[in-house]
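Engineer: From TrEMBL, here are the annotated features:
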SIGNAL    1-21  signal peptide
DOMAIN    5-132  domain 'Ig-like'
DOMAIN    151-246  domain 'Ig-like'
TRANSMEM  256-280  transmembrane segment
TRANSMEM  292-313  transmembrane segment
TRANSMEM  319-338  transmembrane segment
Ligand SMILES: *[C@@H]1O[C@H](CO)[C@@H](O)[C@H](O)[C@H]1NC(C)=O
Ligand SMILES: *[C@@H]1O[C@H](CO)[C@@H](O)[C@H](O)[C@H]1NC(C)=O
Ligand SMILES: *[C@@H]1O[C@H](CO)[C@@H](O)[C@H](O)[C@H]1NC(C)=O
Ligand SMILES: *[C@@H]1O[C@H](CO)[C@@H](O)[C@H](O)[C@H]1NC(C)=O
Ligand SMILES: *[C@@H]1O[C@H](CO)[C@@H](O)[C@H](O)[C@H]1NC(C)=O
Ligand SMILES: *[C@@H]1O[C@H](CO)[C@@H](O)[C@H](O)[C@H]1NC(C)=O
């Protein structure tokens, strides 16, 4: 009667001795390594294990390749897989239960799951450590220089792509030529107060765009002295990357050219109206009078069309710009002065210019540039 529980107890103890190993401590989560750098694969026992019977084996779980081995009191580099020779080292104190492995010269092929298997006599334990991906940091800006218009706003592009969350990076915008700080992002917030006084209150990020890695700089109330070279630098741990953007002043800003053309239109209209009215009063229908009328109708209209065309292009409204330049063609169609042109132009204007105008508009619409 007393025998059965006793047997059971022995059996349970034996089973425990076989199955229950010791606890090994691995990594808290997947590891992110640096390409070309090194990564520590942690593996340690809570209490040191006697070295005599100890065997520590690091393997890749996918290929079963032996990454490193500690056996009979020493490391066994000769049994290592070719690919890991000289790249994998036990760094911790094995005698103190630290079986961590340092993998260096990491390549993309080193991503994967590693297992740390520890045996001592009958006991064993294992823990898995995953190298999930690699650290990277890429910063893009804009290829062309950006033109500034005094008093207006301007955006300097800087997009950051990284394994790390944008909120955890440090991003700075600086003037490279004068080495002054324009704007700083650190510890998840924009530190506007650290901006140089010349930019304080005028420089900002698109805050809602930051989680997408868009660290573009918005500069308000642009001044002439803002022109120069800007650098956007991102830092994430040991990595850093940058892009430079040039802010330049265009020689004749298109808007000023448009304004000048408009003034010219005004001057021409007024200037030509005076002789035209004089001719009208005299009921003069001579060549000179008719030429004056013709100039009054055509010159201001053509110049205005050109001005609106340039304006349309500068604000990126291609379709509107094209329609404006086509007004010139339509002007010829409706003008009562058509008689005065030579035959060929007349025939063309009468028959084709509306068709041509429609074709051009259709072409622009099709190219999707409106
Ligand atoms: C690791 O990289 C360094 C420099 O990049 C090189 O000198 C060394 O030979 C490499 N070691 C191995 C084992 O590939
Ligand atoms: C094991 O050793 C490595 C360096 O050799 C060290 O960074 C790590 O903290 C050690 N682990 C424990 C649990 O002591
Ligand atoms: C800035 O980025 C936006 C969006 O990617 C792009 O449309 C624009 O052309 C860029 N500006 C410059 C000057 O590169
Ligand atoms: C960043 O966001 C702003 C505002 O939405 C946009 O104008 C700009 O083009 C974006 N830049 C990039 C590089 O995506
Ligand atoms: C940066 O530019 C490269 C090449 O032009 C492109 O492949 C990459 O997607 C861009 N990255 C970002 C974050 O815009
Ligand atoms: C910007 O990045 C390049 C490499 O892309 C590096 O050579 C340069 O030193 C960096 N500039 C600054 C100011 O950090």
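Start at 1 and count along the chain as shown; that gives each residue its number.
Every residue, even glycine, has its Cβ placed from backbone N, Cα and C.
Buried or exposed, and what's around them? Tell me for each listed feature.
Structural biologist: Residues in the domain 'Ig-like' (5-132) partition by DSSP class (helix H, G, I; strand E, B; coil) as 27 helix, 52 strand, 49 coil.
Note on the domain 'Ig-like' (151-246): mean pLDDT across this stretch is 94.
Outside the transmembrane segment (256-280), and at least 6 residues removed from its termini, the chain residues within Cβ reach (under 8 Å) are 288-289, 292-293, 295-296, 299-300, 303-304, 306-308, 310-311, 314.
If one looks beyond the transmembrane segment (292-313) by at least 6 residues along the same chain, the residues whose Cβ comes under 8 Å of a Cβ in the stretch are 254-255, 257-258, 261-262, 264-265, 268-269, 272-273, 275-276, 279, 319-322, 324-325, 327-328, 331, 335, 337, 340.
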Engineer: Going by DSSP assignments with H, G and I as helix and E and B as strand, what are the residue counts for the domain 'Ig-like' (151-246)?
Structural biologist: 15 helix, 46 strand, 35 coil
